[in-house]
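For reference, the structure discussed in these notes is given below.
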Amino acid sequence: MTLPVNPVDNLAALIRCPSVTPAEGGALTALEKMLKLMGFSANRPVFSDDNTPDIENLYARKSGNGPHLMFAGHTDVVPPGDEKDWKHPPFAAAIEDGVMYGRGAVDMKGGIACFVAAVARHIEKHGNIKGSISFLITGDEEGPAVNGTVKLLEWAKQRGESWDASIVGEPTNPNALGDMIKIGRRGSLSGTITVHGVQGHAAYPHLAENPVRGIVTLVDSLLCPAFDEGTANFQASNLEVTTIDVGNKATNVIPNKATASFNIRFNDTWTAESLQAEIISRLERAARDNRLRQGRETPIKYELTWRERPSHVFLTHDEKLIGTLTASVEAVTGKRPELSTSGGTSDARFIKDYCPVVEFGLTGQTMHMVDERVALADLEGLTQIYERFIADFFG
(Lines of atoms letter the chains of each structure in order from A and count residues from 1; the text may use other names and numbers.)
(Lines give C-alpha, C1' and ligand atoms only; values in the text may rest on other atoms or scores of the structure.)
Protein backbone atom coordinates (compact mmCIF):
# COMPACT_ATOMS: atom_id res chain seq x y z
CA MET A 1 0.00 0.00 0.00
CA THR A 2 1.43 3.37 -1.06
CA LEU A 3 0.73 6.20 1.35
CA PRO A 4 0.05 9.76 0.04
CA VAL A 5 3.50 11.08 1.03
CA ASN A 6 3.97 13.35 -2.00
CA PRO A 7 2.30 16.77 -1.63
CA VAL A 8 2.65 17.48 -5.36
CA ASP A 9 0.64 14.38 -6.29
CA ASN A 10 -1.90 15.13 -3.56
CA LEU A 11 -2.40 18.70 -4.73
CA ALA A 12 -2.70 17.71 -8.39
CA ALA A 13 -5.49 15.29 -7.49
CA LEU A 14 -7.35 18.01 -5.58
CA ILE A 15 -6.89 20.79 -8.16
CA ARG A 16 -8.30 18.54 -10.90
CA CYS A 17 -11.59 18.56 -9.01
CA PRO A 18 -13.59 21.68 -10.05
CA SER A 19 -14.97 22.37 -6.58
CA VAL A 20 -16.22 25.93 -7.05
CA THR A 21 -18.55 26.77 -4.15
CA PRO A 22 -21.04 25.11 -3.60
CA ALA A 23 -19.98 22.17 -5.80
CA GLU A 24 -18.09 19.32 -4.15
CA GLY A 25 -16.57 18.59 -7.55
CA GLY A 26 -14.95 15.35 -6.40
CA ALA A 27 -12.49 17.08 -4.07
CA LEU A 28 -13.79 15.59 -0.83
CA THR A 29 -13.91 12.17 -2.47
CA ALA A 30 -10.28 12.51 -3.56
CA LEU A 31 -9.26 13.60 -0.06
CA GLU A 32 -11.23 10.80 1.59
CA LYS A 33 -9.39 8.22 -0.53
CA MET A 34 -6.04 9.61 0.63
CA LEU A 35 -7.07 9.55 4.28
CA LYS A 36 -8.49 6.02 4.17
CA LEU A 37 -5.13 4.78 2.88
CA MET A 38 -3.76 5.91 6.27
CA GLY A 39 -6.50 4.27 8.34
CA PHE A 40 -8.75 7.28 8.90
CA SER A 41 -12.47 6.77 9.37
CA ALA A 42 -14.53 9.36 7.51
CA ASN A 43 -18.00 10.89 7.48
CA ARG A 44 -19.52 13.15 4.83
CA PRO A 45 -22.37 15.11 6.46
CA VAL A 46 -24.47 17.40 4.26
CA PHE A 47 -25.93 20.55 5.82
CA SER A 48 -28.80 22.72 4.65
CA ASP A 49 -30.30 26.08 5.53
CA ASP A 50 -32.88 28.48 4.16
CA ASN A 51 -31.88 30.32 0.99
CA THR A 52 -28.48 28.61 0.82
CA PRO A 53 -27.28 25.62 -1.20
CA ASP A 54 -26.77 22.24 0.45
CA ILE A 55 -23.09 21.70 1.28
CA GLU A 56 -21.16 18.46 1.63
CA ASN A 57 -18.45 18.34 4.29
CA LEU A 58 -15.88 15.83 5.54
CA TYR A 59 -14.81 14.83 9.03
CA ALA A 60 -12.14 12.15 9.27
CA ARG A 61 -10.26 10.86 12.31
CA LYS A 62 -7.43 8.49 13.10
CA SER A 63 -7.62 7.69 16.81
CA GLY A 64 -4.86 7.00 19.29
CA ASN A 65 -3.99 7.52 22.94
CA GLY A 66 -2.92 11.10 23.56
CA PRO A 67 -3.89 14.63 22.59
CA HIS A 68 -6.27 15.30 19.70
CA LEU A 69 -5.05 17.62 16.93
CA MET A 70 -7.47 18.95 14.33
CA PHE A 71 -6.42 20.14 10.89
CA ALA A 72 -9.12 22.35 9.41
CA GLY A 73 -9.67 23.84 6.01
CA HIS A 74 -11.76 23.90 2.86
CA THR A 75 -11.75 22.30 -0.57
CA ASP A 76 -14.12 24.79 -2.18
CA VAL A 77 -12.59 27.47 -4.38
CA VAL A 78 -13.64 30.76 -5.94
CA PRO A 79 -14.59 30.82 -9.64
CA PRO A 80 -11.61 30.99 -12.02
CA GLY A 81 -13.11 33.73 -14.18
CA ASP A 82 -12.47 33.62 -17.90
CA GLU A 83 -10.34 30.53 -18.43
CA LYS A 84 -8.87 32.10 -21.57
CA ASP A 85 -6.98 34.51 -19.30
CA TRP A 86 -5.11 31.64 -17.63
CA LYS A 87 -1.67 30.52 -18.77
CA HIS A 88 -2.79 26.95 -18.06
CA PRO A 89 -6.35 25.64 -17.55
CA PRO A 90 -7.37 26.38 -13.94
CA PHE A 91 -8.27 22.76 -13.13
CA ALA A 92 -5.45 21.00 -14.98
CA ALA A 93 -2.75 21.18 -12.25
CA ALA A 94 -0.16 21.95 -14.91
CA ILE A 95 3.47 22.20 -13.83
CA GLU A 96 5.92 24.56 -15.50
CA ASP A 97 9.38 25.63 -14.29
CA GLY A 98 8.87 24.14 -10.84
CA VAL A 99 5.48 25.78 -10.31
CA MET A 100 2.00 24.22 -10.24
CA TYR A 101 -0.87 26.27 -11.64
CA GLY A 102 -4.49 25.86 -10.65
CA ARG A 103 -7.43 27.32 -8.79
CA GLY A 104 -7.01 26.48 -5.12
CA ALA A 105 -3.26 25.89 -5.38
CA VAL A 106 -2.63 28.14 -2.38
CA ASP A 107 -6.17 28.79 -1.12
CA MET A 108 -6.23 26.23 0.19
CA LYS A 109 -5.93 22.83 -1.46
CA GLY A 110 -2.16 23.21 -1.18
CA GLY A 111 -2.29 23.35 2.60
CA ILE A 112 -4.50 20.25 2.72
CA ALA A 113 -2.20 18.36 0.34
CA CYS A 114 0.82 19.16 2.51
CA PHE A 115 -0.79 18.16 5.80
CA VAL A 116 -1.96 14.87 4.28
CA ALA A 117 1.60 14.22 3.10
CA ALA A 118 3.01 15.15 6.52
CA VAL A 119 0.71 12.70 8.32
CA ALA A 120 1.54 9.99 5.77
CA ARG A 121 5.28 10.51 6.26
CA HIS A 122 4.90 10.38 10.03
CA ILE A 123 2.98 7.11 9.82
CA GLU A 124 5.49 5.68 7.34
CA LYS A 125 8.39 6.48 9.68
CA HIS A 126 6.83 5.79 13.08
CA GLY A 127 3.99 3.38 12.37
CA ASN A 128 1.47 5.21 14.51
CA ILE A 129 0.56 8.52 16.11
CA LYS A 130 0.77 9.12 19.86
CA GLY A 131 -2.68 10.66 19.88
CA SER A 132 -5.49 11.44 17.45
CA ILE A 133 -5.54 13.52 14.27
CA SER A 134 -8.72 14.68 12.59
CA PHE A 135 -9.43 16.51 9.35
CA LEU A 136 -12.34 18.93 9.50
CA ILE A 137 -12.86 20.03 5.90
CA THR A 138 -15.75 22.01 4.45
CA GLY A 139 -17.00 22.92 1.01
CA ASP A 140 -18.46 26.21 2.21
CA GLU A 141 -15.68 28.62 3.17
CA GLU A 142 -15.55 30.77 0.07
CA GLY A 143 -19.36 31.06 0.03
CA PRO A 144 -21.88 32.05 2.72
CA ALA A 145 -20.09 29.87 5.33
CA VAL A 146 -23.48 28.82 6.71
CA ASN A 147 -23.46 25.08 5.99
CA GLY A 148 -19.78 24.46 6.57
CA THR A 149 -17.34 24.59 9.47
CA VAL A 150 -19.73 26.18 11.96
CA LYS A 151 -22.21 23.29 11.59
CA LEU A 152 -19.55 20.62 11.15
CA LEU A 153 -18.00 21.52 14.50
CA GLU A 154 -21.34 21.23 16.27
CA TRP A 155 -22.11 17.99 14.43
CA ALA A 156 -18.81 16.50 15.62
CA LYS A 157 -19.26 17.78 19.18
CA GLN A 158 -22.68 16.13 19.41
CA ARG A 159 -20.97 12.85 18.52
CA GLY A 160 -18.52 13.16 21.39
CA GLU A 161 -15.63 14.78 19.57
CA SER A 162 -13.35 17.26 21.35
CA TRP A 163 -9.99 18.69 20.41
CA ASP A 164 -6.87 19.93 22.19
CA ALA A 165 -5.60 22.15 19.38
CA SER A 166 -6.20 23.05 15.75
CA ILE A 167 -4.23 24.27 12.75
CA VAL A 168 -6.05 25.92 9.85
CA GLY A 169 -4.04 25.60 6.64
CA GLU A 170 -4.93 28.96 5.10
CA PRO A 171 -2.18 30.81 3.16
CA THR A 172 -0.78 33.01 5.93
CA ASN A 173 2.59 34.08 4.53
CA PRO A 174 2.70 37.47 2.76
CA ASN A 175 5.88 36.93 0.74
CA ALA A 176 7.72 33.72 1.58
CA LEU A 177 7.15 30.48 3.45
CA GLY A 178 7.86 31.02 7.13
CA ASP A 179 6.92 34.70 7.26
CA MET A 180 3.86 34.56 9.48
CA ILE A 181 1.66 32.51 11.80
CA LYS A 182 -1.80 33.86 12.51
CA ILE A 183 -2.60 33.61 16.22
CA GLY A 184 -5.86 35.54 16.14
CA ARG A 185 -8.14 37.54 13.94
CA ARG A 186 -9.88 40.88 14.06
CA GLY A 187 -13.63 40.88 14.27
CA SER A 188 -15.77 41.87 11.32
CA LEU A 189 -19.04 43.80 11.34
CA SER A 190 -21.05 44.98 8.33
CA GLY A 191 -24.07 47.22 7.96
CA THR A 192 -26.15 49.24 5.52
CA ILE A 193 -27.52 52.74 6.15
CA THR A 194 -30.56 53.98 4.22
CA VAL A 195 -31.58 57.66 4.23
CA HIS A 196 -35.04 58.67 2.97
CA GLY A 197 -35.62 62.06 1.35
CA VAL A 198 -38.09 63.70 -1.00
CA GLN A 199 -37.54 63.43 -4.76
CA GLY A 200 -37.56 66.64 -6.76
CA HIS A 201 -36.08 68.73 -9.55
CA ALA A 202 -32.42 69.66 -9.09
CA ALA A 203 -33.29 73.27 -10.00
CA TYR A 204 -35.82 73.50 -7.16
CA PRO A 205 -34.03 72.07 -4.12
CA HIS A 206 -36.34 73.92 -1.71
CA LEU A 207 -39.14 71.61 -2.82
CA ALA A 208 -37.14 68.43 -2.23
CA GLU A 209 -35.01 66.83 0.47
CA ASN A 210 -31.77 65.40 -0.84
CA PRO A 211 -30.90 62.11 0.92
CA VAL A 212 -27.36 62.27 -0.45
CA ARG A 213 -26.63 65.08 2.01
CA GLY A 214 -27.83 62.83 4.78
CA ILE A 215 -25.90 59.75 3.74
CA VAL A 216 -22.68 61.76 3.46
CA THR A 217 -23.24 63.25 6.91
CA LEU A 218 -23.94 59.88 8.52
CA VAL A 219 -21.02 58.14 6.83
CA ASP A 220 -18.70 60.94 7.91
CA SER A 221 -19.75 60.40 11.52
CA LEU A 222 -18.48 56.82 11.27
CA LEU A 223 -15.20 57.73 9.63
CA CYS A 224 -14.14 60.38 12.12
CA PRO A 225 -12.98 60.23 14.85
CA ALA A 226 -11.09 56.93 14.74
CA PHE A 227 -12.60 54.13 16.78
CA ASP A 228 -9.31 53.41 18.56
CA GLU A 229 -5.54 53.48 18.11
CA GLY A 230 -4.90 49.74 18.20
CA THR A 231 -3.79 47.43 21.00
CA ALA A 232 -0.74 45.35 21.87
CA ASN A 233 -1.75 42.50 19.53
CA PHE A 234 -4.03 44.22 17.04
CA GLN A 235 -3.85 47.12 14.64
CA ALA A 236 -6.37 49.95 14.90
CA SER A 237 -9.99 49.17 14.10
CA ASN A 238 -10.82 50.29 10.58
CA LEU A 239 -14.10 51.11 8.86
CA GLU A 240 -14.37 51.06 5.08
CA VAL A 241 -17.35 52.35 3.11
CA THR A 242 -17.96 49.64 0.52
CA THR A 243 -20.91 51.05 -1.45
CA ILE A 244 -22.82 54.32 -1.86
CA ASP A 245 -25.87 54.09 -4.10
CA VAL A 246 -28.81 56.32 -5.02
CA GLY A 247 -30.22 54.30 -7.91
CA ASN A 248 -30.54 57.47 -9.97
CA LYS A 249 -29.30 57.79 -13.56
CA ALA A 250 -30.77 61.25 -14.16
CA THR A 251 -28.53 64.24 -13.49
CA ASN A 252 -31.39 66.71 -12.96
CA VAL A 253 -33.37 64.71 -10.40
CA ILE A 254 -32.82 64.74 -6.65
CA PRO A 255 -33.27 61.11 -5.55
CA ASN A 256 -35.66 60.01 -2.82
CA LYS A 257 -33.34 57.47 -1.22
CA ALA A 258 -29.62 56.89 -0.68
CA THR A 259 -27.84 53.90 0.81
CA ALA A 260 -24.32 53.21 2.00
CA SER A 261 -22.79 49.93 3.14
CA PHE A 262 -19.75 49.56 5.36
CA ASN A 263 -17.50 46.96 6.90
CA ILE A 264 -15.39 47.44 9.99
CA ARG A 265 -12.54 45.18 11.09
CA PHE A 266 -12.18 45.66 14.83
CA ASN A 267 -9.71 44.77 17.55
CA ASP A 268 -10.07 43.60 21.13
CA THR A 269 -10.99 47.08 22.35
CA TRP A 270 -14.49 46.11 21.27
CA THR A 271 -17.00 43.33 21.26
CA ALA A 272 -19.42 43.14 18.36
CA GLU A 273 -22.16 44.35 20.69
CA SER A 274 -20.24 47.32 22.09
CA LEU A 275 -19.17 48.34 18.58
CA GLN A 276 -22.75 48.17 17.33
CA ALA A 277 -23.76 50.42 20.22
CA GLU A 278 -21.01 52.92 19.34
CA ILE A 279 -22.08 53.01 15.68
CA ILE A 280 -25.73 53.53 16.62
CA SER A 281 -24.74 56.34 18.99
CA ARG A 282 -22.72 58.13 16.31
CA LEU A 283 -25.49 57.82 13.73
CA GLU A 284 -28.20 59.02 16.09
CA ARG A 285 -26.15 62.04 17.11
CA ALA A 286 -25.35 62.96 13.50
CA ALA A 287 -28.97 62.48 12.40
CA ARG A 288 -30.25 64.61 15.28
CA ASP A 289 -27.82 67.47 14.75
CA ASN A 290 -28.09 67.77 10.95
CA ARG A 291 -30.78 68.34 8.32
CA LEU A 292 -31.44 67.31 4.73
CA ARG A 293 -32.39 70.89 3.86
CA GLN A 294 -31.62 74.29 5.36
CA GLY A 295 -34.51 75.45 7.52
CA ARG A 296 -35.89 71.94 7.87
CA GLU A 297 -36.73 71.20 11.49
CA THR A 298 -36.92 67.40 11.45
CA PRO A 299 -33.72 65.34 11.80
CA ILE A 300 -32.35 63.03 9.14
CA LYS A 301 -34.50 59.94 8.75
CA TYR A 302 -32.45 56.78 8.38
CA GLU A 303 -32.51 53.02 8.81
CA LEU A 304 -29.59 50.83 9.89
CA THR A 305 -29.51 47.16 8.92
CA TRP A 306 -26.84 44.79 10.17
CA ARG A 307 -25.60 42.47 7.43
CA GLU A 308 -24.79 38.83 8.12
CA ARG A 309 -23.51 37.61 11.46
CA PRO A 310 -20.64 39.54 13.05
CA SER A 311 -17.32 37.74 13.39
CA HIS A 312 -15.87 38.12 16.87
CA VAL A 313 -12.30 39.10 17.59
CA PHE A 314 -10.09 36.44 19.19
CA LEU A 315 -6.50 35.82 20.27
CA THR A 316 -4.95 32.40 20.95
CA HIS A 317 -2.67 32.12 23.99
CA ASP A 318 -1.82 28.38 23.93
CA GLU A 319 1.96 28.26 24.47
CA LYS A 320 2.42 24.64 23.38
CA LEU A 321 0.57 25.10 20.11
CA ILE A 322 2.20 28.41 19.19
CA GLY A 323 5.66 27.47 20.46
CA THR A 324 5.76 24.09 18.73
CA LEU A 325 4.64 25.51 15.39
CA THR A 326 7.04 28.45 15.66
CA ALA A 327 9.96 26.11 16.35
CA SER A 328 8.96 23.88 13.42
CA VAL A 329 8.83 26.82 11.02
CA GLU A 330 12.18 28.12 12.22
CA ALA A 331 13.83 24.70 11.96
CA VAL A 332 12.77 24.23 8.32
CA THR A 333 13.00 27.78 6.95
CA GLY A 334 15.64 29.33 9.19
CA LYS A 335 13.26 32.22 9.89
CA ARG A 336 11.38 33.05 13.06
CA PRO A 337 7.80 33.74 11.94
CA GLU A 338 5.90 36.84 12.95
CA LEU A 339 2.92 36.12 15.20
CA SER A 340 0.16 38.19 13.64
CA THR A 341 -3.54 38.99 13.80
CA SER A 342 -3.67 40.84 10.48
CA GLY A 343 -5.79 40.02 7.46
CA GLY A 344 -9.37 38.96 6.95
CA THR A 345 -11.58 36.47 8.70
CA SER A 346 -11.36 32.70 8.30
CA ASP A 347 -13.08 29.64 9.71
CA ALA A 348 -10.72 29.90 12.68
CA ARG A 349 -13.36 32.28 14.05
CA PHE A 350 -15.63 29.27 14.56
CA ILE A 351 -12.97 26.84 15.77
CA LYS A 352 -11.79 29.18 18.55
CA ASP A 353 -14.97 28.32 20.48
CA TYR A 354 -13.92 24.66 20.66
CA CYS A 355 -10.14 24.65 21.11
CA PRO A 356 -7.01 26.81 20.71
CA VAL A 357 -6.38 27.51 17.03
CA VAL A 358 -3.63 28.98 14.85
CA GLU A 359 -3.29 29.35 11.10
CA PHE A 360 -0.31 28.52 8.94
CA GLY A 361 -0.03 27.56 5.29
CA LEU A 362 1.48 28.67 1.99
CA THR A 363 2.12 32.17 0.66
CA GLY A 364 -0.97 34.06 -0.42
CA GLN A 365 0.31 36.30 -3.20
CA THR A 366 -1.76 34.66 -5.97
CA MET A 367 -4.87 33.50 -4.11
CA HIS A 368 -8.12 34.24 -5.98
CA MET A 369 -6.07 35.54 -8.93
CA VAL A 370 -5.79 34.40 -12.52
CA ASP A 371 -2.85 31.95 -12.71
CA GLU A 372 -3.04 31.06 -9.01
CA ARG A 373 0.08 28.98 -8.44
CA VAL A 374 2.50 27.50 -5.95
CA ALA A 375 6.19 26.64 -6.11
CA LEU A 376 6.79 22.91 -5.73
CA ALA A 377 9.60 23.78 -3.32
CA ASP A 378 7.07 25.50 -1.06
CA LEU A 379 4.88 22.39 -1.05
CA GLU A 380 7.84 20.35 0.13
CA GLY A 381 8.81 23.00 2.68
CA LEU A 382 5.33 23.24 4.17
CA THR A 383 5.08 19.44 4.34
CA GLN A 384 8.35 19.32 6.29
CA ILE A 385 7.09 22.00 8.68
CA TYR A 386 3.84 20.14 9.28
CA GLU A 387 5.66 16.82 9.70
CA ARG A 388 8.04 18.27 12.27
CA PHE A 389 5.14 19.92 14.08
CA ILE A 390 3.23 16.62 14.27
CA ALA A 391 6.26 14.80 15.67
CA ASP A 392 6.95 17.46 18.31
CA PHE A 393 3.29 18.09 19.22
CA PHE A 394 2.71 14.43 20.03
CA GLY A 395 6.16 14.05 21.55
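Every residue gets a Cβ built from N, Cα and C, even glycine.
In this view, GLU170 (Zn(2+) 1 binding site) is surrounded by 25 other Cβ atoms within 10 Å of its Cβ, with every protein chain counted. What Swiss-Prot records for HIS74, ASP107, GLU170 is Zn(2+) 1 binding site, and it gives sequence analysis as the kind of evidence.
The active site annotation in Swiss-Prot covers ASP76 and is backed by sequence analysis. Long-range Cβ neighbours of ASP76 (active site) (same chain, at least 6 residues apart, Cβ-Cβ under 8 Å): SER19, VAL20, THR21, PRO22, ALA23, ALA27, THR138, GLY139, ASP140, GLU141, GLU142, GLY143.
According to Swiss-Prot, the Zn(2+) 2 binding site annotation covers ASP107, GLU142, HIS368, on the basis of sequence analysis. The 10 Å shell around the Cβ of GLU142 (Zn(2+) 2 binding site) contains 22 further Cβ atoms across the protein chains shown.
What Swiss-Prot lists as active site, proton acceptor is GLU141.
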Cβ-centroid neighbourhood (8 Å) of the Zn(2+) 2 site, ASP107, GLU142, HIS368 excluded: VAL77, VAL78, GLY104, MET108, MET367
Shell of the Zn(2+) 1 site beyond HIS74, ASP107, GLU170, same chain only (C-beta within 8 angstroms of their C-beta centre): GLY73, MET108, GLY111, GLU141, GLU142, VAL168, GLY169, PRO171, SER346, GLY361, MET367
Same-chain residues at least 6 apart in sequence whose Cβ lies under 8 Å from HIS368 (Zn(2+) 2 binding site): VAL78, ASP107
